[in-house]
Each structure stands twice: as structure tokens, then as C-alpha cells.
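Q: Got a structure for you, written out below as C-alpha cells; questions coming shortly.
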Amino acid sequence: AGGSLEVRSQKANGFPLSKSSASKKQKQHQRIRKEKPQQHNFTHRLLAAALKSHSGNISCMDFSSNGKYLATCADDRTVRIWSTKDFLQREHRSMRANVELDHATLVRFSPDCRAFIVWLASGDTLRVFKMTKREDGGYTFTATPEDFPKKHKAPVINIAIAGTGKFIMTVSSDTTVLIWNLKGQVLSTINTNQMNNTHAAISPCSRFVASCGFTPDVKVWEVCFGKKGDFQEVVRAFELKGHSAAVQSFAFSNDSRRMASVSKDGTWKLWDIDVEYKKQQDPYLLRTGRFEEAGTMLCRLALSPDAQVLALASGRSIHLFNTRRGEKEECFEQVHGECITDLSFDITGRFLASCGDRAVRLFHNTPGHRAVMEEMQGHLKRASNDSTRQRLQQQLTQAQETLKSLGALKK
């Protein structure tokens, strides 16, 4: 499966040379157009871009840890790799990796960005794709000869690779979480005892694996390795206790010191997990916010890298809250033609990406810029020397300018 760089523009496709081939091409185009379902149109002043190349509905996205790429997978049997540097350009280039005789439901980059893993819909297993850079700057994508062995007995709802590259996690909708090495051997089987799992993830620091489900808590385990990098064991670390109904989803901040959760009790919570749990210290609840929709609808959650902004999706709409005061700052309605399947901030925290139909929509994270402004104003009041003041003022002005250009500077 070669990854040719496809540029979606008339020029790149070349103009037809002869009249006859032109009319033939037109007829073909008309025929193709008729069969294509109507694309969902969505406009908003904070919409930064819409990425369109997939011919099927997108189920999952992942930003690479170096910030250069966004991977998307859809039921059109392809994985697309987008370049983040042209998000704000008119053209959005994407490279295509074909998934032979199957389609991917989940996709994750490896930490070194030289490979990605997918979960296969029909094959019901994990496949690894190597990414090899070509001389022309594009990539060649090659599936490794052996897929992982089948171990799950229920549908897999998430997959992840540890940032250290030491292990892979897969979670199914029963109570099973599996920890694998990169060769496809199971290192550990976790029974979450949560009736059924709704989500599981690895912390960015790679120390923890957490899961949530039918019970009102989030359970967190530590994945332990020896001094020489050899796997040792998985041990219970701590729990997030405080919700009064099933937890639908959760996320970690980039520094693994904060977690956010959303529950069927109609609330979201922000937690400080930077605790010495081995000394029986429990995580602290920092904030509780209302989100009524979670009581009746399936919810997805994303936490900005700096934990300042919480994004919640229910149905086809997205709500953005600041976590300092728990206020809702933005609401985007009917963003996609179908229910939102995935929600993710890019690694800079400037954008929030969502998918659900054939397009990825990218939003400017205005609450994130407002948080920076507020933080810098606070620091400026306490700043003691001129060089610090200058640096803070620079960051403050930058955030203000960004908000101004988006027409989102609150008076």
C-alpha cells in the first residue's frame, strides 16, 4: 500500500487534454456525483478547517507525538495521514494507506512516528503498519506480515501505545483490558470488574492504565517495568471516586497530573492525580461541572494538553468548558452529519478536532487562549523583574491578538 501524497486541487489532477476525453470525464464525474451522499455542511466563525478525503465515515483520529501528523481511519478501507502544518492552508494534503480486505476502526501512532497500529473491523485483531520515508518526501506504508493473535471475546473499544514504546493496551466492552508487548505477546490480563468497560487509556507518562464502565469510579493501575526495561507486573494504583452513576469517559492531561471524567450523573469532574498513592494518598477533586446531556446520551470527552479546557461531545454537538471555574464558553451544534465518534485536541492545544461523518472538523480553541490571558495577567501582577514582565506581556499580547483575529475577544 503506497502512500502517495494526494493534493485535492484541480491543478494537481491536471487538465484534460482533448475534448472527447473531457466530455467522457464529465459524464463519469456526473455519474459519481449522483451516487455520493450529500456532504454535511457546517459553518462557524471558530471553524479553522474541514479535512475531506475519506469516502466513508471516520471512526477514530490520532495526533502524532511530534505534532506533525493527524491519522484518521474510516470504513472506506483507508487510513489517511494529514500534515498538521497545512491545517490553515486552503489545500489539505493527505497520504493514504490501504487496509487490505478490511477496514480499521481505531488508529494510533507509535511514539517514534515510524509506525501506526490499527484495529481491524472484520479481522478483529491488531495490525501494525510501518511508515518508511521515501526520497520524494512521501511515505510508503507496509503492513507487518503477522497480525496480533486474537485474544478478546467481546468488541474492542480502544487501543493505545505507551509513550515509552514498551507496551500496547487493548480494551473490550466486557471487563477485559490486555497489556501486550510490541511483538504481540500478552504480558498481562486485567479484569476491571466494572460490569462492562466504556473506555480505557494509557497515561501520557506511560505509568498508568485507567478504565471506566458501569460503576461510578475510574480505576487506575500502574504498569511496572524493571531497571532493565523488562515487564514485571500490573498493580492497582488508585481510583477516582465521587460520581454517583456510570462513568462514560475520562482523559489525562499531557503532564499526567490531571484527569477529567464525565458521568451519567450529569456532571464532569476534574481531578488532581499528582499524589503519592503508595502512601495511601487519594486524588483530589478540583472541580465539578454540570453537563445534563451525559444523563441521557452517550458522551465523549477530550482534555486540552494543559488541562485548562474540557471538550464534551454528545450526539452531533460539542461543548467547551473552562476548568478553572467550570463555565461553558463555547457550543458547536450539528457539527457532523452523524454522531461524533472521536474528539481530540492537537498537541499544541490550539485546535480541537472532531469526526463522525466523512470530514474532520478543526476548531480554534478560544477558551485555551482566554486561559493563557488570565494566567499571564495573574503572573504579571506578581512579576518582580522586568525581563519576566516582558516575557509575560509578550504571551498575553499574543493570546489577545489571536482572540481578536477570531473575533472572540470578550470585552
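In case you wondered, yes, glycine gets a Cβ from its N, Cα and C as well.
Since the structure is predicted, the reported quantities are computational estimates derived from the model, not experimental observations.
So TrEMBL has the following annotated:
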COMPBIAS  22-34  compositional bias 'Basic residues'
REGION    1-39  region 'Disordered'
REPEAT    51-83  repeat 'WD'
REPEAT    149-183  repeat 'WD'
REPEAT    240-274  repeat 'WD'
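How buried are the listed features, and what sits near them?
A: Taking Cβ pairs closer than 8 Å, the repeat 'WD' (51-83) reaches residues 3, 6, 8, 36, 39, 92-100, 102-109, 111, 113, 116, 118, 121, 129, 131, 139, 141, 163, 338, 341-342, 344, 346-348, 353, 355-362 in its own chain, all 6 or more past its ends.
Per-residue pLDDT, averaged over the repeat 'WD' (149-183), rounds to 97.
DSSP assignment over the repeat 'WD' (240-274) gives 0 helix, 20 strand, 15 coil.
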Q: Counting only residues 6+ away from its ends, which parts of the chain sit with a Cβ under 8 Å from the repeat 'WD' (149-183)?
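A: Counting only partners 6 or more residues beyond its ends, the repeat 'WD' (149-183) has Cβ contacts under 8 Å with 65, 105-106, 108-112, 117, 119, 124-126, 189-202, 204-206, 209, 211, 213, 223, 225, 229, 231, 234.
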Q: Can you name the far-off residues of the same chain, 6+ from the ends of the repeat 'WD' (240-274), with a Cβ under 8 Å from a Cβ of it?
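A: Result: 198-199, 201, 203-205, 207-208, 210, 212-218, 220, 282-295, 298-307, 310, 312, 321, 323, 347.
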Q: Which numbers of helix, strand and coil residues does DSSP report for the repeat 'WD' (149-183)?
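A: The composition, in the requested order, is 0 helix, 16 strand, 19 coil.
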